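Chemist: Straight from TrEMBL, here's the annotation block:
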| type | residues | note |
| --- | --- | --- |
| TRANSMEM | 6-27 | transmembrane segment |
| DOMAIN | 74-194 | domain 'Palmitoyltransferase DHHC' |
| TRANSMEM | 119-139 | transmembrane segment |
| TRANSMEM | 159-179 | transmembrane segment |
| COMPBIAS | 260-269 | compositional bias 'Acidic residues' |
| REGION | 260-284 | region 'Disordered' |
Amino acid sequence: VAYLIIFHILFVLFVWTYWKSIFTLPVQPGKKYHMSYADKERYENEERPEVQRQILAEMARKLPVYTRTGNGGIRFCDRCQLIKPDRCHHCSVCAICVLKMDHHCPWVNNCIGFSNYKFFLLFLAYSLLYCLYIAATVFKYFIKYWTGELTNGRSKFHVLFLLFVAIMFFVSLMFLFGYHCWLVSRNRSTLEAFSAPVFQNGPDKNGFNLGFVKNLQQVFGEEKKLWLLPVASSQGDGHFFPMRALCEAQNPLLANEEHWEDDGIDEEPHDSGEASSLAIERET
């Protein structure tokens, strides 16, 4: 009875987290990050790059945007026509910009991001426990098979199949879950692990690292009783994330014109160096 209760609890949690990972749609940036009809018409009809940069700069000054492109420009998505929030990326499979995008997962056929990253982690954890439980309960019958106590030929096949499939999935899930646990402890996404986010002072892979406890709370929330349940409890709305140092959060895109001039960035760049610092990222 105890074995059956544990089995059904793990099975329900496994199916619940898998269902939440699949059917929780990725969150897209809010309307204020999208171009208005007038700005879009101005931007598309304008052929001068410096004027296009001014249009994007005017939009970015009103938004809590702190990360930049690799060359220091505004993170803009041509496909979705929006200023990308911090940690937001365009998914070529879903054809949308996803808040705090981690990766597109073929296992759940969905994009893993701010809305379902917690559910994905719990899905990996409960899948790992599920495989371990199956392997542990079947192992004694595997021993009987080798000692000759198990005579039923069909039972032998079932025992061998369950054991080796459970072990195979357990090993693969262990590495994947361990990697994502490491990412959570550093407050990074899979994309940020490969390409560090760029701040005012340059790339910094630890830019969003707030410490182990706060990093966990970013994903699972402050109420520990909800950590192991597939219910939404992540902090924030996916558009803004606390940063490690205030100096890295100083964004000239949000500053006034005097700050722009102090940083050596005028509304009309005078040389190629200033123009390149305001280059626009175009995702295709």
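Quick reminder: no glycine exception, Cβ is built from N, Cα and C everywhere.
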Chemist: DSSP on the domain 'Palmitoyltransferase DHHC' (74-194): how many residues come out helix, how many strand, how many coil?
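Modeler: Across the domain 'Palmitoyltransferase DHHC' (74-194), the residues distribute as 70 helix, 16 strand, 35 coil.
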Chemist: Residues sitting near the transmembrane segment (159-179): Cβ under 8 Å, six or more positions beyond its termini, same chain?
Modeler: 121, 124-125, 127-128, 131-132, 134-135, 138-139, 141-142, 145, 150
